[in-house]
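Enquirer: Can you keep this structure in mind? I'll have questions shortly.
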């Protein structure tokens with residue numbers, strides 16, 4: 001049997017070397033000398049990952065340009081068109097610009113780790129596969145389970161924002177504020193923080209409640225967010241049809257939204273009032289409201305805007321030249337989007353006082369109101385902006401719902417999920433079972449839950465994934481230093497360790513600025529995942545089966 005597909009544990013040593021070195025040396029050997037240690041923390045060799053990739057019948061059609069546009073499609077969307085309003089009004093004020101720089105710097109560090117690992121392990125499992133090769137099966141499962149939260153909830157968050165912009169677009173076209181029934185375009189539930197307003201009154205403690213919205217002069221209770229469900233269903237259908245078709249639609253939407261984003265920047269400059277930048281850092285009014293803490297809280301909020309670049313790595317097995325094209329797509333898309341984000345936030349902060357920014361449709365509404373204050377009617381322009389937002393948010397949903405099924409597929413190939421999830425459509429060669437499953441769950445989330453709780457969950461989940469990718473980069477530099485890398489973290493041997501370490505440290509720093517409730521929800525999700533792994537994944541793991549078939553297994557082979 002070919003060595004690269006040999007399932008015995010000896011195969012887990014890198015090709016060309018007898019043993020893998022491990023950064024924790026004796027501690028690792030002691031853990032791996034036990035049966036449980038081998039099965040929970042055994043790693044999958046990169047050679048075997050490559051062999052598995054060669055056996056999967058994905059269509060390799062994506063170029064470096066496609067991947068860059070895919071990354072832009074994932075990144076430019078909710079951050080600019082939805083969350084900028086919340087971050088500016090509730091946290092950072094005009095210093096939202098600094099929040100974007102902080103979040104962009106962190107993602108820049110993480111993107112270099114992703115680029116190196118993706119060029120070394122071009123697998124559709126993304127951070128899940130990277131962690132499996134570096135840190136073992138159990139942590140890989142936790143990362144994969146965490147990525148499910150990131151993509152599923154992230155897509156649902158953007159779908160909720162898409163619904164808000166659709167309402168804005170219809171209202172602008174019809175020149176009415178009541179053209180859509182509010183009960184059909186809002187979530188039926190809302191999460192209330194202590195001190196928040198509910199039906200005009202302050203609440204005493206944090207809790208879930210029925211959402212209440214204004215229907216004319218009266219309060220009414222929404223039934224479901226119907227447009228959010230509709231867009232998820234439409235995108236899911238497109239993704240089942242094929243990756244190339246999805247890429248073409250995404251490329252079109254990316255061109256539209258980049259052009260409209262540039263239009264907003266250059267048109268908005270004319271209506272900037274310099275007084276709106278003062279005070280640039282408003283005096284602190286609460287634990288996460290304004291001041292320096294508010295800037296970091298704003299960075300956590302807008303961090304959600306940057307997460308799309310990691311979705312590029314989930315298409316590794318559909319790229320023509322993954323070792324070359326993946327780093328281009330990951331770093332190129334992030335660089336372009338960071339520049340656009342900073343420019344948009346700078347313009348938006350100058351249009352209106354931060355306390356008046358509309359959190360639901362901040363881009364279109366705020367430029368309209370700023371122009372109106374100066375005697376200019378930009379109704380036609382806000383219609384264009386809203387259309388661009390719809391295109392932009394659609395491409396984000398598409399990219400996130402594209403990434404999730406491919407991670408499901410990789411986990412199913414490893415036996416950690418039922419084999420049903422590894423099926424490809426006989427004609428379209430897409431993971432249709434996982435795509436449909438993901439779409440259904442995402443539609444339920446989007447139709448029932450509010451955008452703020454969804455966004456916070458996604459941001460914390462993504463930060464944890466970045467943390468493990470950063471650590472995996474360091475571990476693989478120690479355990480497998482000689483393996484070819486299409487891209488290496490810059491800075492030579494020193495920079496190759498310092499940059500991933502800074503990335504991991506930055507993640508921890510940003511996590512300290514998230515709300516305890518958001519962290520608690522993510523850890524509850526991870527605990528549920530650990531139970532599922534013990535009950536199913538551990539028992540069906542392909543890696544565990546390979547250990548069971550080799551009674552002469554030696555810890556030195558790991």
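Yeah, the Cβs are placed from backbone N, Cα and C, and that goes for glycine too.
So TrEMBL lists the following for this protein:
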type	residues	note
REGION	1-24	region 'Disordered'
TRANSMEM	67-88	transmembrane segment
TRANSMEM	94-117	transmembrane segment
TRANSMEM	138-162	transmembrane segment
TRANSMEM	223-243	transmembrane segment
TRANSMEM	252-272	transmembrane segment
TRANSMEM	292-309	transmembrane segment
TRANSMEM	330-351	transmembrane segment
TRANSMEM	380-402	transmembrane segment
TRANSMEM	432-451	transmembrane segment
TRANSMEM	457-479	transmembrane segment
TRANSMEM	491-512	transmembrane segment
TRANSMEM	518-536	transmembrane segment
Enquirer: Report the listed stretch (138-162, 223-243, 292-309, 432-451) having the maximum count of Cβ pairs within less than 8 Å of the transmembrane segment (491-512).
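Expert: The stretch I would name here is 292-309.
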Enquirer: Do at least three C-beta pairs under 8 angstroms join the transmembrane segment (432-451) to the transmembrane segment (138-162), pairs 6 or more apart in sequence?
Expert: yes
Enquirer: At least three Cβ pairs under 8 Å linking the transmembrane segment (457-479) and the transmembrane segment (138-162), pairs spaced 6 or more in sequence?
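Expert: The answer is yes, given that the two segments have at least 3 Cβ pairs within the 8 Å cut-off.
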Enquirer: Per the definition of 3+ C-beta pairs under 8 A with sequence separation of 6 or more, do the transmembrane segment (223-243) and the transmembrane segment (518-536) touch?
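Expert: The transmembrane segment (518-536) and the transmembrane segment (223-243): touching, no.
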Enquirer: Output the single range from 67-88, 252-272, 330-351, 380-402 maximising the number of Cβ pairs under 8 Å to the transmembrane segment (94-117).
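Expert: Stretch with maximum Cβ contacts: 330-351.
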Enquirer: Same chain, outside the transmembrane segment (252-272) by at least 6, Cβ under 8 Å from its Cβ: which residues?
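Expert: 69, 72-73, 76-77, 80, 340, 343-344, 347-348, 350-351, 363, 367, 370-371, 374, 376, 378, 381, 384-385, 387-389, 391-392, 394-395, 398.
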Enquirer: Quick check for me: are there 3+ Cβ pairs below 8 Å between the transmembrane segment (292-309) and the transmembrane segment (518-536), leaving out pairs under 6 residues apart?
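Expert: Result for the transmembrane segment (292-309) with the transmembrane segment (518-536) is no.
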Enquirer: Before we move on, state whether the transmembrane segment (518-536) and the transmembrane segment (138-162) share at least 3 Cβ pairs under 8 Å, counting only pairs 6 or more apart in sequence.
Expert: yes
Enquirer: May I ask which of the stretches 138-162, 330-351, 380-402 has the most CB pairs under 8 A with the transmembrane segment (67-88)?
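Expert: The stretch with the most close Cβ contacts to the transmembrane segment (67-88) is 330-351.
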Enquirer: Which sequence positions outside the transmembrane segment (138-162), separated from its termini by at least 6 residues, show Cβ-Cβ distances below 8 Å to it?
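Expert: 40-41, 44, 77-78, 81-83, 125-129, 131-132, 187, 225, 227-229, 231-232, 304, 307, 311, 390, 393-394, 396-397, 400-401, 403-404, 407-408, 410-411, 416, 438, 441-443, 445-446, 449-451, 454-455, 457-458, 461-462, 464-465, 468, 522, 525-526, 529-530, 532-533, 537.
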